[in-house]
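**Student:** In case it helps, TrEMBL gives these features for our protein:
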- 10-225: domain 'Sugar phosphate transporter' (DOMAIN)
- 261-382: domain 'Sugar phosphate transporter' (DOMAIN)
- 7-25: transmembrane segment (TRANSMEM)
- 45-63: transmembrane segment (TRANSMEM)
- 160-178: transmembrane segment (TRANSMEM)
- 198-217: transmembrane segment (TRANSMEM)
- 270-295: transmembrane segment (TRANSMEM)
- 315-334: transmembrane segment (TRANSMEM)
- 355-382: transmembrane segment (TRANSMEM)
Amino acid sequence: MLSRLRPYLHIVVLCICWYVISSLASQVTKHILTLCPLPLFLGEFQFVFTAFLASISCQIAYMSPNFKNTFPQGTFPDYNSYGGLKTYDNANFLLAITKPTKHIIETVLPLGLFQFVGKYFGHKATSLVPVSTVASIKTLSPLFILMFQKLLHIKTLKINKTLTLSLTSLVLGVWIIVNEDSKYHKKKQTASSTSYSTYGLICAVISMLVFVVQNIYGKSIFTFKSTPLTEFDKRKHLHHEDSPLPLYKEENHSVNTQPTKSKKYDKMTLMIYISVIGFLLSFGWFVTLELPIVWRHICHDEVSDHIKTIPWKLFIVNGTFHFIQAMITFHLLGEVSTLTYSIANLMKRIAIISVSWLFVGGPITFLQIFGLFVNTAGLFLYERCNNKNKTLKKLRPE
């Protein structure tokens, strides 16, 4: 039994690390925004730090094929086009990163805008309401993805009893969790701060809607298509199916894959340029709204109602955690089946909500646990509908 599980041990360890890092990252974000409630400032730092770490990773992948091959095809740029073996002596940092072109900018501009707006409202919500509330509201994304796809006449899931039960469970579970969270936190709040909590809920919903639109748009952008796979990649992708996750989706490859009409970029290239575009789009707002506060604090050591301190170490930890999450995601997408990844992703959301309750330190009520159970059941039913729909498509292709 143990020998059969040994090949999957590293996947289990990776998932545990994923859950721990994601949960801690959410708590670090909350702590930063409690001490320094400047969502634009945090967003700008994350954009810069993500682009920096992604560039360093590209350089490592450029110099070390073993590191590059750890991740699925399409994670890093294709360095074979540069020719020759790459060593530390002849490695050129500029060659490790895809050069910016007009097509790249046009491709990532909408995604950069979505990231800027989504991050702002997400951070604003995190500064005003509990992490568990924000995380639970994010689980409503399947409902709104379905609604937007129907409105835009995009082919999507057919409405049936299972899907209806799934969406109803999602809404009911989120309502219970948010209601229980608000009951506990209202005991510690004044009348004025309660209104801010309402605004925090609105911000969380807006952030979720923005990322839903981003996912629908990014479905084709983050699909990496390439030349035929190597024998190793063919074996690795034999049991993979199309991902129900709108973002970070990878298509099946086959020997007869036809050349694509439009160029698809690797995930690191997209990550770098989305971060750069997001930084530039939010820079004007940051300079106008938050830079004066940061400047007065740094230069004049001014403590105000807006900012108590700037926890620089936590900023770095937060940025590192977010980047590691993305790298683990890319690795898992290449190692496990889509269904396994989807379930692992659902468990991550449960972990974030549960850890949030533990960090708050308040009593965990029966209704909170029941709400989490109902929400989880809804997510699992939704994934079941999604995978069943994909199976039917393969059995009855149009």
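Note that Cβ sites are derived from N, Cα and C of the backbone, with glycine treated the same way.
Automatic prediction, not curation, is the source of TrEMBL annotations.
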**Student:** Give me the mean pLDDT over the domain 'Sugar phosphate transporter' (10-225), rounded to a whole number.
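**Tutor:** Value for the domain 'Sugar phosphate transporter' (10-225), mean pLDDT as a whole number: 84.
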**Student:** Determine which residues of the chain contact the transmembrane segment (270-295) at the Cβ level, with the cut-off under 8 Å and only residues 6 or more beyond its ends counted.
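**Tutor:** Apart from its flanks, the transmembrane segment (270-295) reaches 38, 40-41, 43-44, 46-48, 50-51, 54-55, 58, 97, 100, 104-105, 107-109, 111-113, 115-116, 119-120, 221-222, 304, 306-307, 310, 326.
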**Student:** Apart from its near flanks, which chain residues at least 6 from the ends of the transmembrane segment (355-382) lie with a Cβ under 8 angstroms of it?
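**Tutor:** For the transmembrane segment (355-382), the far contacts come to 23-24, 26-27, 130-132, 135-136, 139, 142, 162-163, 165-177, 179-181, 184, 343, 346, 349.
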